[in-house]
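Just below is one structure, and these are the notes that go with it.
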């Protein structure tokens, strides 16, 4: 996983609520068996509209997505996170995230930042007024900063530490292999197996 | 203080707890399908890791499979399915491939085999894993990184969600189904209402649901934003499980039932949130918009944006759906009807649709897709397929079919469906397609008239 400490970049305002993962990456793109190439599918249906914000050259190269509430609802497809990252996004800011999307993001190093709806709208307005506006997402300080403004955000210590170190969960869990084996020895005998 | 059902099941599965860290949770059953697993197997291979417990893992082919006989014609879909076969062979995982008698939608086959049991933790790289909570376990969807984590360790690090009770009092009126109930719940609490919660469905109306109805309710918990939904096990649960291939037998059965009876929320348990619904006030429910929270009683009209919580989203949704505010929902004409999916692809759903279609003719393209090959076999033993065919509907092979636009069963741009599936997102059933989520009964009646219709409306 790519470590995340502080990132400064320009923002894309996506003024939509309930952006589901079927919009982020439509199902037809999920047939790939590799982990790469998903940037082409990012918002692919919406990008057919010339007026869609990602088609605005002013936002080319932006790396922070600022979206409406309930971002990432629906399907558990981690491909949505891969598509956002491979397109160039490092962080998504929204008032609320769907649980599975947020979980998938933190496994991959895409930072989901929850800010109050009014703050998100202020950020969207700022990025609309000036697409060259630089925004800093600072995980170490748990802050988003832009144009002299500062907004704090919450994230639990453990997830923050893992993101800042870029640590792989499996490696961390396998340090507890003994505890897993002990637990397994105490499982109820009637529990089913698939064989 | 007493504990909730969710807390009891969670605590039973904590492998390791440390201050300031998520709990490490043991996973009793890991379900796999072709779409969200290939990159996870690649990860294992790259790290040289085996599957820790292949005997707690089972795989099926469902999302990509065509529902007409024959091979997969799309080479990309075919490669994905072949990749699953190769991975399962290499890592020693039981697989039910296309054509196998046990093949079917991943959330249909687990309960059918008796692998889904009360008190278990169950995960799958699929958000509708919440279905399995109907048996009184904690079941939730995960992403591919977590699929790899479970394959490698049979555990997941996770924070325990908050608990929400949804108390459903009263009885569902005749003609009102589990699907109508869950659509009404989602419309009430919203697509984000369950975020951060495990929901326990409780109350008289829930106790009276069959296991299949309970699965329909828990299935769509994710559409309310909840990670998992669950229902305390009872005699209905034990009756459903007894005699299934992987259910315990003999003394194990007795010991299991004794434990399962302890799996209910204590009288003095405190939920973080309580929501109350009166089942007796419900009527058939349909969606009009592009998220599952945008629904209304069939007897009502398409809402005006200013009458909804999110006018901008409603405006967008009505534009996409090609609907005008104030139009009675019963006047909305559809060209396609889909009965199937992990939400409503079980035998009771097919029986309900057949009862409506018996002796009638469909005027829409109508796909009836059993959720598994075992459901298909049972439906044919009951003669349901003859009812569907006589009515002019298409009787298909098992798969996810028109739920999600990954296989040949899709809507074309501008086509409109009444669908028993779970998501009405833009393009979900095919690019430009328009979806109304409905119960199997409403789907079948709609196929007869060509407009959104309840069975009671039919002469």
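Cβ from N, Cα, C; glycine included.
TrEMBL lists region 'Disordered' for one of the ranges B:378-408, B:409-439, namely B:409-439. On its own chain, residue B:342 ([4Fe-4S] cluster binding site) has B:105, B:106, B:107, B:108, B:128, B:131, B:219, B:371, B:400, B:403, B:422 as residues at least 6 apart in sequence with a Cβ closer than 8 Å to its own Cβ.
In this structure, B:403 is the one among the binding-site residues B:400, B:403 with the smallest number of other Cβ atoms inside 10 Å of its Cβ.
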